[in-house]
């Protein structure tokens, strides 16, 4: 019971929950988004390089055309 | 030949240190969150809203630091045409824009309970919003031309011109009457902040620095691989044309 109250107080942030938690939420979301974007780009180029080394089709794993220089 | 040797060495180095950097970043964020949310006291004036500072201030520092690096990379790109400098500049602007967005959003969420408004057009906030648009402009210019080198040069010039904004941001709280409080850490007479709040702030600052470094190296590595992919496609294309012609 005591822990629940302490946790409730923690969540309430002294009445400023509606400002403190969104601040941490938006920080986490934006940093996660920038990291995910970088990760996805790296995976995409790694796959394209592998594919080019294999058969030179110039397409990524989903079969989309990825290169403007391909014939 | 050194033009290619350096990116190659960078690539190997980045591949080796990145797993460690990622681990360190995660650990320091955990430590920072523990100190910021659990182990530190509320402020006697600001109450629990002071906890917003532990993400707001490091994000703002990183937004400025990333722009300083962007300016340095742009200068080296224009003067010495170093390929890694170009790549660094290209990698920096989305990361810097992200930190600027975090600083603006968390500042707004701190402003509402403390100042009674999410936004005011005062010197600090307006110059910081300009920083965000400088980052966006840099990203847009890089993609704006068919000739990649033209895009890179225009973006570098914009980044250098935008450097003027950095001292304006830094001293805006001293030069103009603003709602924003003046610096409490980087003062001539030492930080005017209690150790119980300085530690979570510094730990978070370490975490944000590590995140910046990790994201930068990761993006630079990706951009180098993209350049390699373009070169290989070009070579293949030319070989095919030679066959046909």
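Cβ atoms are placed via backbone N, Cα and C, with glycine included.
Quick look at what TrEMBL lists:
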type: DOMAIN; residues: B:25-180; note: domain 'Cytochrome c assembly protein'
type: TRANSMEM; residues: B:20-39; note: transmembrane segment
type: TRANSMEM; residues: B:59-80; note: transmembrane segment
type: TRANSMEM; residues: B:92-111; note: transmembrane segment
type: TRANSMEM; residues: B:123-142; note: transmembrane segment
type: TRANSMEM; residues: B:154-173; note: transmembrane segment
type: TRANSMEM; residues: B:197-217; note: transmembrane segment
Legend entry - Contacting positions for the transmembrane segment (B:20-39) when only residues 6+ beyond its ends and CB under 8 Å are counted: 51, 54-55, 199-201, 203-204, 206-207, 210-211, 213-214, 217
Inset, instruction - Take the transmembrane segment (B:123-142) and find every residue of the same chain, 6 or more past its ends, with a Cβ under 8 Å from one of its Cβ atoms. - result: 60, 63-64, 67, 70, 89-90, 93-94, 96-97, 100-101, 103-104, 107, 151-152, 154-155, 158-159, 162, 165, 168-169, 172-173, 175-176, 178, 180
Legend entry - Taken over the domain 'Cytochrome c assembly protein' (B:25-180), the model's mean pLDDT: 93
